[in-house]
Amino acid sequence: MTSLPLGVKVEDSAFGKPAGGGSGQAPGAAAATAAAMGTDEEGAKPKVSPSLLPFSVEALMADHRKPGAKESSLAASESAQAAGGLAQPLGVPPGSLGAPDAPSSPRPLGHFSVGGLLKLPEDALVKAESPEKPERTPWMQSPRFSPPPARRLSPPACTLRKHKTNRKPRTPFTTAQLLALERKFRQKQYLSIAERAEFSSSLSLTETQVKIWFQNRRAKAKRLQEAELEKLKMAAKPMLPPAAFGLSFPLGGPAAVAAAAGASLYGASGPFQRAALPVAPVGLYTAHVGYSMYHLT
């Protein structure tokens with residue numbers, strides 16, 4: 001309680017009054033007095049060594065070097081709490097502020113670690129490192145949330161056109177029946193009801209079978225007739241020779257053409273007469289001229 005007024009007096013003497021005036025105390029003496037008072041204040045407080053703090057670097061490093069570090073750290077923490085009045089965290093039992101164990105034993109969770117702050121057990125913070133099967137939560141292990149197994153993609157089945165279930169089987173005609181039917185078809189393609197009934201009874205067939213056979217035979221005859229007509233049309237088309245497109249003669253005929261060519265090429269303008277080139281027979285061009293004139297008209 002005496003240090004506060006003395007400090008105030010020092011300020012008054014050091015800053016409030018000019019040097020060498022008033023109280024008559026020198027500036028050097030005032031500084032010495034202030035230093036002495038500060039020393040008394042520091043001596044009055046209990047000194048706590050940094051190595052005694054449980055969470056200091058020196059205390060943590062000393063645990064790894066000294067075998068009996070746990071007992072010394074506990075004693076140091078209790079003495080530090082008693083001397084300095086350190087506040088203990090709420091909800092923490094006394095004596096739990098000790099330093100961690102030696103490296104030989106697993107380190108307990110500190111109060112400032114993730115497990116200490118979240119109040120989780122040590123096993124919850126250690127992940128399972130099993131390479132065989134990853135750890136799953138209970139809802140993932142439930143078959144309700146598990147993904148369905150992969151299905152193999154099978155090729156789509158080939159869908160064929162199905163006949164009616166009530167379709168009648170095909171009638172197997174004998175050779176004698178087929179010959180009689182062909183003979184009758186050549187005579188008459190359309191049968192009356194009476195003729196069909198009589199003819200079917202003679203062949204031991206039903207009227208429906210004879211009727212369907214004649215219908216199919218008429219369709220086949222029509223297809224054959226159309227194919228024959230197409231062949232005749234292809235054969236009737238004229239095949240023009242290549243010379244018919246490159247030759248063009250005047251209306252005078254081949255003889256006039258040959259005479260005009262000889263007069264223009266071998267005229268009597270020169271002193272020497274040359275022998276005339278052999279002219280092709282007229283009959284060679286007659287067919288071409290007539291053929292081309294036929295198509296031009």
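Quick reminder: no glycine exception, Cβ is built from N, Cα and C everywhere.
According to Swiss-Prot, the feature region 'Disordered' maps to 1-50 (among others).
Among the features that Swiss-Prot reports, SUMO cross-link is placed at K9 (among others).
The compositional bias 'Low complexity' annotation in Swiss-Prot covers 26-38 (among others).
For 63-110 (among others), the entry in Swiss-Prot reads region 'Disordered'.
Per Swiss-Prot, the feature compositional bias 'Low complexity' maps to 71-95 (among others).
What Swiss-Prot lists as region 'Disordered' is 127-157 (among others).
Taken from Swiss-Prot, the feature compositional bias 'Basic and acidic residues' covers 127-136.
The annotation SUMO cross-link is assigned in Swiss-Prot to K127 (among others).
Taken from Swiss-Prot, the feature DNA-binding region covers 166-225, and the record attributes it to sequence analysis. When averaged over the DNA-binding region (166-225), pLDDT in the model lands at 92.
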Secondary structure content of the DNA-binding region (166-225), with strand meaning DSSP E or B: 42 helix, 0 strand, 18 coil
